[in-house]
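**Q** Below is a structure I'd like to ask you about.
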């Protein structure tokens, strides 16, 4: 299991696009929003939690199709399927690698971008916390979507269509936690529910992911 | 070590091969012959457990088979050593120098796989077989894009370091490995419409 | 003979052929009676005025939008467990019907919301859930059409339907948490008198039965079409093999 | 025609859109059914 994680991280670093691309995309989306809605600091500070969460979600979406596609094309996935490593574990590791390369950097970049959007000072802790709790769930859900579309030639667009509705609960809870934090309200409930969604995804989706991979490997 | 009994395997919702049966014992290898499209790949993938059989059974101890095709999972961004040690770790075995030597890639250990020639890369892919240490090898056209020298290396590995040590192999290949192995012609096992019983298309015919 | 025999494609074609016209006919009858009764012969509600007439479309469509997804969920499970082809094809056939019902529920909901809430669209949990349900239908149908091999498509869409159902329920509760909502409580419940009085209730029941029968008729018709398409594919494949 | 009062537009639009959508779905289903039926007939007669 460790070997697969290290290999995927190595590939992400060496092949490029792993760490940098999602982060750059996150930055660009967040920077573009003020151009769209105007420079009004009050308005930006109100919508900042939502923008940061939506941008994080889109950035996580960007690199999903790479999770299995390359391994599928060069045969690694088939070889992994016949290895002692169960595909369920492979799914979790793949999601973890995706999270380390996309979700984790986002958690650290988000506070910096919060300044640009005049995010309320009270909200920073909740922003980082909610992203730390929520983004692993996004990676796991995305891995499931990637497994469904791995055999398709133009799976990228379809992948977004399949995964985005599944992201709704995470988005609602994550952004709500930040918003409540910004308003000085207790945000424990949305954070707990966010944790429930993430843990639930990690508990259930590896089985669905592995089943989808087996079907696609037939 | 591996027994295949009355196996019917399907491709695209219909049976391609039916009633295939053979046994491969320790130290033995079997070469599958037959025209293109007869279903050699399908048969090997079915034996490897990558796709379900329509009928019949594959008897082998769990986790004893290793499937290999020309898509051998070599990662261009990793070095030769990293490629092989990954598969060694996944299979819980150790990476010893012998694996490099068998396929004459010892000098390339620290080269990035992406900089290898096509033949060298294929040898790296085959070296995986020496690393995973599975007793039953299921090889689908293992010699594709290998030159004569590499084919000899591969044949030597198969004979001296796999079969001689009690391994077994089923090989689908068009070329002669020069090993004088028993052959199984798959042409007589070509499925007819009667073999489609239970195949997914059959329900609609 | 087991009940599952009816799920054999040939048997299914045989028994649905005579049944379909009756189902379609009774659907047409129920819908015309219910809708004409509801539209022409019901009084205005003392609070909602004449807009209450929208209920005869909105409630049954919303009901069928959810029921269609439930039916797809059950059919997907049957396919995954027992691998009955008709089951997978019925799920495929039901999706376009379900998405149409969702669209009707959304459109009539928005039109009804305008006079009552003063706005066409409100991010109310119920409306939002239907919007999400619409997206799920869209993704499900897109996955079906993207995959060439019918068995692979059936497997993957079934898995998506299962996972999607879990997340649809999650979204429903998340949306409730996120916005308290303007939508009235369910119009359908055992203590119906509290919400909908008898004058409105009787034609509503008839239209609900009508929508249910229409759904059934459309799914039967579309499943028959899917079976025929699959048969064409199988025949072509056989011709190529020969 | 009942008196729909001020909300005539919303009500008529509701009925129009719903019946339009249902009609379209029914038409598409029937046309597709006919087309596929004919196609199958042709394949069966040739094969």
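A Cβ is built for glycine as well, from the same backbone N, Cα and C atoms used for every other residue.
According to TrEMBL:
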TRANSMEM  A:12-37  transmembrane segment
TRANSMEM  A:43-64  transmembrane segment
TRANSMEM  A:96-117  transmembrane segment
TRANSMEM  A:123-150  transmembrane segment
TRANSMEM  A:157-178  transmembrane segment
TRANSMEM  A:190-213  transmembrane segment
**Q** Please report, as numbers and ranges, the same-chain residues at least 6 past the borders of the transmembrane segment (A:12-37) whose CB is under 8 Å from any CB of it.
**A** 43-44, 47, 51-52, 54-56, 58-60, 62-63, 66, 97, 101-102, 105-106, 109-110, 113, 116-117
**Q** Six or more residues beyond either end and a Cβ under 8 Å away: which residues meet both conditions relative to the transmembrane segment (A:190-213)?
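**A** The answer is 68, 77, 81, 86-92, 95, 126, 129-130, 133-134, 136-137, 140-141, 143-144, 147-148, 150, 169-170, 173-174, 176-177, 180.
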**Q** Which sequence positions outside the transmembrane segment (A:96-117), separated from its termini by at least 6 residues, show Cβ-Cβ distances below 8 Å to it?
**A** 4-5, 8-9, 12, 18-19, 22-23, 26-27, 30-31, 33-34, 44-45, 47-48, 51-52, 55-56, 59-60, 62-64, 67, 123-124, 127-128, 131-132, 135-136, 138-139, 142-143
